[in-house]
Each structure stands twice: as C-alpha cells, then as structure tokens.
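Trainee: Structure incoming, see below.
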Amino acid sequence: MKLLAVAALLAGAAIAAPTSNTGGGSVCPSGLYSNPQCCSTVIIGVIALDCKSPSEVPRDGTDLRNICAKTGQKAACCVIPVAGQALLCETAPGA
C-alpha cells in the first residue's frame with residue numbers, strides 16, 4: 001500500500017514538472033503573457049486594445065514588431081484573449 005502511495009506521488013511530481021513549452025516560442029515569455037499579438041494601442045504597457053494574432057509566425061520579438069508594423073500596430077505579449085479582446089498585455093521583448 002505504501003509503495004502505491006509513493007508511486008502515485010512520484011508520478012504526480014513528474015506530471016507537474018515544468019517543461020520548456022513557452023506558448024509563444026521565443027517571442028513571448030512563458031507564463032501569463034505568452035500570446036503574441038499585434039495591438040493598435042498599448043496603454044501604460046499593461047492594457048491593449050484592438051489586438052489580433054500576427055499574420056505570420058514570428059521568430060522573435062523583433063520579427064513580431066516588424067510583422068505588426070506592416071499593419072500599423074504594436075507588438076505585445078498578452079494574456080489569453082477573452083471575447084476577442086486581449087486586454088492585459090505587455091510590450092514584447094525586443095520590440
């Protein structure tokens with residue numbers, strides 16, 4: 001019985017271990033702000049309006065900035081959008 005409890009504990013620890021998946025690749029940091037977006041306005045580096053996914057897959061923050069600049073928008077790393085709006089964002093690294 002103790003062996004089963006120890007095996008379950010080890011299996012749980014292995015499943016809960018962090019991986020190298022960052023969501024946005026090398027564009028955005030892992031965690032909450034992991035979704036690369038192109039936004040028309042980023043206010044105080046926290047609130048973003050009219051955000052859309054980039055038209056191409058960016059390689060890094062500079063590439064995201066260039067992709068967004070083609071449409072006159074700013075590169076941002078956002079929380080998962082709710083109702084099509086990404087409200088909580090920060091400026092993308094390298095942008």
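Using N, Cα and C of the backbone, Cβ positions are placed for all residues, glycine too.
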Trainee: With reference to Swiss-Prot, specify which of the listed residues Cys38, Cys39 is paired with Cys51 by a disulfide.
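Mentor: Checking Swiss-Prot, the candidate bonded to Cys51 through a disulfide is Cys39.
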Trainee: With reference to Swiss-Prot, which of the candidate residues Cys68, Cys77, Cys78 participates in the disulphide bond with Cys28?
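Mentor: So the cysteine paired with Cys28 in Swiss-Prot is Cys77.
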Trainee: If H, G and I count as helix, E and B as strand, and all else as coil, what does DSSP give for Cys68 (disulfide bond)?
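Mentor: Note: Cys68 (disulfide bond) is helical by DSSP.
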Trainee: Which ones are near Cys28 (disulfide bond): of the disulfide-bonded residues Cys38, Cys39, Cys51, Cys68, Cys78, which have a Cα within 10 Å?
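Mentor: The disulfide-bonded residues passing the 10 Å Cα test are Cys78.
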Trainee: So how many other Cβ atoms are close to Cys77 (disulfide bond), meaning within 10 Å of its Cβ?
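Mentor: So the number of other Cβ atoms within 10 Å of Cys77 (disulfide bond) is 27.
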